[in-house]
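S.K.: Supplied in C-alpha cells, the structure appears directly below.
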Amino acid sequence: MKITVLGAGSWGTTLAMLLANKGHEVRLWAHRPEFARALEADRENKRYLKGVLFPDNLRVVENLHDAVETAEMIVTAVPSHALRETAAAFAHLPLDGKIIVNVAKGIEQHTGKRMSEVLLEALPRIAPEQIAVLYGPSHAEEVARQQPTTVVACSVSEATARRVQEAFHTSSFRVYVNTDLIGVEIAGSVKNVIAIAAGISDGLGFGDNAKAAIITRGLAEISRLSSKLGADPLTLSGLSGIGDLVVTCLSQHSRNRYVGEQIGKGRKLDEVIGEMSMVAEGVLTSKAVVKLAERLGVEMPISQAVYEMLYENKPAPQAILELMERDPKPEHY
C-alpha cells in the first residue's frame with residue numbers, strides 16, 4: 001500500500017518507519033523543507049529519534065501535494081493545533097477512496113471540536129467513513145525500538161477501522177478495532193490534561209496515593225464528558241481510555257506529565273514550554289476542555305484546576321488544597 005505520513009516529529013517518524021518495515025511504500029512529509037532534506041540525507045531523525053535508521057522504502061519528501069496525491073492512506077501526525085491548516089492545504093486534491101488516519105490527540109481550542117470533526121470541515125469532499133484515528137498507550141521511543149505496544153484503530157466504519165488495523169498491525173504493534181469515535185477521541189485528548197495534573201503531583205513531592213486519586217478521578221471526568229457527548233462507557237475501559245491515561249500519567253516519556261512536574265516545582269509555563277523541542281498537547285487541550293465542559297454543564301474539577309494553574313498562575317499547592325476541600329460527594333454522580 002502507498003502510505004503518506006504528514007508530520008516528521010517523533011510519532012510521525014516512528015509510524016513511517018513501522019509502516020515501511022511492514023513493506024508499505026511510505027513517504028514522510030516534513031513541514032520545513034530544510035528539515036525534510038536533512039532527514040533524507042541522514043536517513044534518520046537525529047532530532048527526535050537519534051540512532052534509529054530509516055528503512056530503504058521510506059522516502060522523505062518536501063512536496064505536500066505529490067505526497068498526498070499518490071497515497072492510498074494518509075496519516076496525519078502534525079500537532080492538533082496545526083491539523084486544520086495542514087488538511088486545508090490539500091483539500092483541493094482528489095481524495096476519493098483514500099483513508100485519512102489521524103494520530104494527533106487534542107481538541108481544537110477555538111471550536112471545541114474533535115480531530116475527526118476538524119478533518120471533515122477542512123476536507124469537505126470526504127465522507128465520515130474515510131476518517132479513522134489510531135490512539136492508545138504508545139510512546140514513540142518504545143515503538144521505534146519495536147517494544148510491545150497495543151493501540152486501537154477507530155472509525156465510524158468498521159471496514160475502515162479494519163483496513164487501518166491491517167496496515168499497521170505487526171508482531172510488536174498490536175492493533176484492535178473500535179467504532180466509538182467520540183469515546184476514543186475524547187479519552188485520548190483529555191488524558192493529556194489529567195497527565196499534567198499527575199505531573200504537578202510529582203512536582204509537589206506527593207506520593208502514590210495522590211497519583212492514584214488523580215488517575216481515578218480524572219477518568220471519572222473523562223467519563224462524564226464523553227457520556228454527555230454520546231460515547232460508549234465501555235470505551236473508557238479500553239486502550240484509548242484507561243490504557244492511555246495510565247501510561248501518560250506515569251511514563252518518563254510523557255511530555256504532559258513533565259510539564260506538570262515542572263509547574264509543580266514552581267516554574268512558569270512559558271519557561272517550561274520554551275525549552276521543549278516537542279509539543280505537550282495537554283497545555284492547549286486544557287483550554288478547550290474547560291470551555292467544552294462549561295458549555296455542556298459537565299463538572300471537571302481536575303481539568304479546571306490544571307487550567308487555572310497553567311493560565312491564571314494559581315499556585316499549585318492552593319489548587320490541590322481547593323480540590324481536596326470541595327464538598328463531599330458520592331463516588332459516582
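Cβ coordinates are placed from backbone N, Cα and C, and glycine is handled just like the others.
Feature list, courtesy of Swiss-Prot:
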BINDING   SER10, TRP11, HIS31, ARG32, LYS105, ALA140, ARG255, VAL279, GLU281  NADPH binding site
BINDING   LYS105, GLY136, SER138, LYS191, ASP244, SER254, ARG255, ASN256  sn-glycerol 3-phosphate binding site
ACT_SITE  LYS191  active site, proton acceptor
S.K.: Who sits close to ARG255 (NADPH binding site): which same-chain residues at least 6 apart have their Cβ under 8 Å from its Cβ?
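M.R.: Counting only residues 6 or more apart in sequence, the Cβ neighbours of ARG255 (NADPH binding site) under 8 Å are MET276, MET278, VAL279, ALA280.
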S.K.: HIS31, LYS105, LYS191: which of these binding-site residues has the sparsest Cβ neighbourhood within 10 Å?
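M.R.: Least crowded of the binding-site residues HIS31, LYS105, LYS191, by Cβ count within 10 Å, is HIS31.
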S.K.: In sequence order, what residues of the same chain, 6+ apart, have a Cβ less than 8 Å from the Cβ of SER254 (sn-glycerol 3-phosphate binding site)?
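M.R.: Long-range Cβ contacts: HIS139, ALA195, GLY199, VAL247, THR248.
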S.K.: Just to verify a number: CA distance, LYS105 (NADPH binding site) to ASN256 (sn-glycerol 3-phosphate binding site), in angstrom, no decimals.
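M.R.: Cα-Cα distance, LYS105 (NADPH binding site) to ASN256 (sn-glycerol 3-phosphate binding site): 12 Å.
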S.K.: Between LYS191 (sn-glycerol 3-phosphate binding site) and GLU281 (NADPH binding site), find the distance joining the two CA atoms and give it rounded to the nearest Å.
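M.R.: If we compare the Cα positions of LYS191 (sn-glycerol 3-phosphate binding site) and GLU281 (NADPH binding site), the gap is 10 Å.
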S.K.: In which DSSP state, out of helix, strand and coil, do we find ARG255 (NADPH binding site)?
M.R.: helix
S.K.: Per 10 Å Cβ neighbour count, which of the binding-site residues SER10, SER138, ASN256 ranks highest?
M.R.: ASN256
S.K.: Where the record says LYS105, GLY136, SER138, LYS191, ASP244, SER254, ARG255, ASN256 bind sn-glycerol 3-phosphate, what is the longest distance in Å from one Cα to another among those residues?
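M.R.: Answer in Å: the longest Cα-Cα distance is 15.
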S.K.: What does the structure give for the C-alpha distance between ASP244 (sn-glycerol 3-phosphate binding site) and GLU281 (NADPH binding site)? Integer Å is fine.
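M.R.: Pair distance, Cα basis, whole Å: 14 Å.
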S.K.: Going by DSSP, is ASP244 (sn-glycerol 3-phosphate binding site) part of a helix, a strand, or coil?
M.R.: helix
S.K.: Filter the binding-site residues SER10, HIS31, GLU281 down to those whose C-alpha lies within 10 angstroms of the C-alpha of ASN256 (sn-glycerol 3-phosphate binding site); answer none if the list is empty.
M.R.: GLU281
S.K.: For a quick check of packing: other C-beta atoms within 10 Å of the C-beta of ASP244 (sn-glycerol 3-phosphate binding site), how many?
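M.R.: Counting Cβ neighbours of ASP244 (sn-glycerol 3-phosphate binding site) within 10 Å gives 25.
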S.K.: In whole Å, how far does the CA atom of GLY136 (sn-glycerol 3-phosphate binding site) lie from that of HIS31 (NADPH binding site)?
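M.R.: Approximately 25 Å lies between the Cα of GLY136 (sn-glycerol 3-phosphate binding site) and that of HIS31 (NADPH binding site).
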S.K.: Only counting partners 6 or more residues apart, tell me which same-chain residues put their Cβ under 8 Å from the Cβ of GLU281 (NADPH binding site).
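M.R.: Same-chain residues close to GLU281 (NADPH binding site) (Cβ under 8 Å, separated by 6 or more) are PRO79, SER80, ALA104, LYS105, GLY106, SER189, ASN192, ASN256.
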